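Q: My questions all concern the structure below.
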Amino acid sequence: MDPPGDAAMPGLGKSEPKKRKKGPRDFDWSKATFHHFVLKIAYVGTNYHGNAWQDPKICPTVEASLFEALLKTRLIQDRSSCNFSRCGRTDKGVHAAGNYISLSLRLKPGADGADAGEDFDYPSMLNGVLPQDIRVLASCRAPSDSFDARFSCLYRAYQYYFPHNGEDLELMHLAAQRFVGEHDFRNFCKMDIENVSNFRRRILSASVVNCGNGVAQFSVTGVAFLWHQVRCMAAVLLLIGSKLEEAEVITELLDVEKWPRKPLYEPADESGLAPWRKFCATAASLTSASPRGDPSVTVACKSAEEAFTSMLQRHLRFAAVLACLAAASKPAGPAGDTGPKRHVPLRQRALCPSLEEKQQAMADKRRAKATAQDDAAPG
């Protein structure tokens, strides 16, 4: 006998209509309150085209992932209104162990209409949606709404790691002391003449040490740095440590009256560079935060440690595989060994255009562009 009416019995005939998934609830930003914060972040830069934001459709960046996480957690309304500032830029493939950003973040809503005042656990919220190679280490309230992560920074510290292949590290360390002090570093950078006209920078300290396990480290602290400055400094130090250049070449290249044009040479590989710390007026409260006194710092640091330790273990396994492949690829005899590439001393290399020549070329280009626009204008 057929069931009465047209109703379908459970499990027979027509299936029950599926429940529609609810879309994201509208958020009432008019009730949100904000405060200015400082976040300490660390990241592995291998998969990113630097940290500064670029259109994610064009290339991935650290800040694009950060803003995606901030929007997803509704800690900011949009990128343009959050008063964002970064302590420093990093290039494609460069890492950071302690960079800082400042921005305005949403506070917890107050109960029963009370004024909001409590902070969210921002590191845990963001680490829950960020990629594993980007971690928020800590957060704290900025001293004022006018605090700027870039312009409130007092000094910056970088570490450059390189494989120790017999370089004279003591010689490199002594040579690095020639960088200390205030100098014109136009011969130790990639000149960005559209944004920079003063190439004098002050280096507070520099050192080269053996880290063990076949790795050495060049550390440098300064008030500010130029584009590719640390990598150019490291490149020349490596030539000195390999006995291909004398330490005096640093002093000579810092004398821009004697050397107004930079010799052509490649900066050291970007994969070894890691901004270690950026020191600003409020950084002490982030750096010295006690895990015992602030549970959110404990959770955030543990999350970062676990993520980076997991990556380290994968890379150690991969390094062992590469060592095996390299050993298997060694030729049986001396045939085909062409020896090391011939070194051309820096003093004998072709020279880049001077700062004045580059500035003149840029002025001529702008003048020609303006003339072309005038000629194309109607009437």
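Cβ from N, Cα, C; glycine included.
Quick paste from TrEMBL:
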REGION    1-26  region 'Disordered'
DOMAIN    175-274  domain 'Pseudouridine synthase I TruA alpha/beta'
REGION    331-379  region 'Disordered'
COMPBIAS  355-365  compositional bias 'Basic and acidic residues'
Q: In the same chain, who gets a Cβ under 8 Å from the compositional bias 'Basic and acidic residues' (355-365) while lying at least 6 residues past its ends?
A: 186, 191, 193-194, 199, 260
Q: Counting each residue once, how many in the domain 'Pseudouridine synthase I TruA alpha/beta' (175-274) are helix, strand and coil under DSSP?
A: 31 helix, 28 strand, 41 coil
